[in-house]
Amino acid sequence: MSTFFTNLRRVNKVYPNQATFLTDNTRLLTTTPAGFTNVLRAPSTRNLGNGRFEPGYNLSNNQFVSAGDINRITRGNDVPRIRNVFQGISDPQIGSLNQLRRADNVPDAGLHVKRTRSDAVKQNFPETNVRSADGVDRALQQNPRLNTYLQGAKTAGVGVLLAGGAYLTFSAATLVQDIIQALNNTGGSYYVRGADGGDTADACLLLSRTCQRDPNMNTSDVVICNHDPLIADTAQLQAICSGFNYQQEQTVCRQSDPAADPDSPQFVDVSDLLPGQTIMCIEPYNLGDLIGDLGLDHLLGEDGLVGKSSNSSDSVSNKLMPLIWLIGAVLFLGLIIYLIYRFVIKGGAGAAGAARAPPVIVLPPPPTQQTYNSTKQQI
């Protein structure tokens, strides 16, 4: 049975002419859910030259969006970008894609959540953007709840599978060494197959598409693909990384990104893969990526800061001392100003007033009044 994501996957390729794309897009429209047809009804192509055309769609602002990008944002449930492309789409219409993804075991949404979470960790907690042993150790000390949790996992000896098919195992002498080993085993091109409605995924490393591996990668701790899902010819596979230059390409993979520019070495035509499968490039992890992958971001931040403040009272006092001195100086200055006003300015004004006052002449009272006043004063 033809499905939306099956037909959308079929147009994620380079076409020899525009007419063929229009035919495939007509089939796609028959399975397109409400809210998405307004864009997919406006097919267009970008001429790449040499009889090659990139399929895509013209938006209302005349902007071209490629079929690869449409695949990426809908498969990955990238809601902000979905709203940006499909103007006026409603929440229920976006939610309708969930069931369609589950029907085809599309794993991209879960992988997108991990990437988004990892990016947020690295942005909000820059101390986790490290790969060295010293950097990892400092980050753990700054986040004691995370440290405590991972130390407990190490004591239990429970290994964890990461998104890229590598494992965080607890077999080294220290937790920091365990983490460094896991980081060394990440990075490369991965063949991913969704299962359980896309909630889980099996991933393996495609060595021929991984053009730069960590020199300390232990392949025995990484799930390696026993075949390439698209290419069977050995010579063709060996040629993928020919002339690779990381400084220019800024990625460790080639032919591993279905949404890349078709003229770049990173583009891969996955139109022949089932919708529940994909090829993707994962750059080497740092600690922030690892935390996001494992969903441990809730162990960062506030509690770690509280722990630091309670265990480092001297540090807190040192930070507050300049403020205390400033407040004291302001109060002292205010006291000086008050004293000057009270005894100099106000006192001087009183003396001047006394000098200017007219003389007072006191007349002696009658004798009877004097006796009365004297008696009254004694009472």
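Heads up, the Cβ atoms here are built off N, Cα and C, so glycines get one too.
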| query | For which of N184, N218 does Swiss-Prot record the feature N-linked glycosylation site? | reply | N184
| request: Mind giving me a neighbour count for N184 (N-linked glycosylation site)? Other Cβ atoms within 10 Å of its Cβ, every protein chain shown. | output: 20
